[in-house]
Amino acid sequence: MENLHKRILEEGQALSNDVLKVDSFLNHQVDADLMYEMGTYFKNYFKDHNITKIFTIESSGIAPTVMTAMQMNLPMVILKKQGSKILKGDVYQTTVHSFTKGTDYELTLQKKYINEDDNILIIDDFLANGEAALGAARLVEGAGAKVAGIGIVIEKSFQPGPKLLEEKGYDVYSLARIEKLEKGIIKIKK
């Protein structure tokens, strides 16, 4: 996805060998046109996967997921990271370690938003160690549903997540694959 690659190279900041800051268009200020284009790419790739719902994890995956759900005319579910008085009782939960924040959180899904017949597309902003995507997949599979695919905006190909998801047999489609990060240097796989 050439527009995304261009934005990463022009506006992204490699803060270290494993941290890429893209807050000018993805996770602080959001470029709606770019999100719409991402939705088109995800729709085109996953259109024959018999998807029934699209899941994302709050919060940075929401914008590209909304655009994908709109274009595929499918419901979208936001998996919650924060505890809430509203999310009690009939829920699925799993513990996930956040690479970015260095902490664990409980990923939560209300049972009423999934059933055994669902084929779920999971979309997230980053794939690093694979913890978030695997946590979402655990919730889906724990409900007896199927993970139809995983859409990633930016994959850090040099970290363990991509290989881990591949070994588990998931169909992963990444819009940008970062080959290498060094302070001030970003290299994208073509």
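One is the number of the first residue shown, and numbering goes on along the chain from there.
Each residue, glycine too, has its Cβ placed from N, Cα and C.
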Query = For the xanthine site that Swiss-Prot assigns to Leu20, Asn27, which of Lys112, Lys146, Lys156 is also named?
reply = Lys156
Task = Go through Asn27, Asn129, Gly130, Glu131, our binding-site residues, and report the one whose Cβ sees the most other Cβ atoms within 10 Å.
result = Gly130
Local backbone state of Glu131 (5-phospho-alpha-D-ribose 1-diphosphate binding site), from DSSP in three classes = helix
Remark   = When the binding-site residues Leu20, Ala128, Ala132 are compared by other Cβ atoms within 10 Å, fewest goes to Leu20
Query = Among the binding-site residues Leu20, Asn27, Lys156, which ones place their C-alpha within 10 angstroms of the C-alpha of Asn129 (5-phospho-alpha-D-ribose 1-diphosphate binding site)?
reply = Lys156
Note = What DSSP gives for Asn27 (xanthine binding site), in three states, is coil
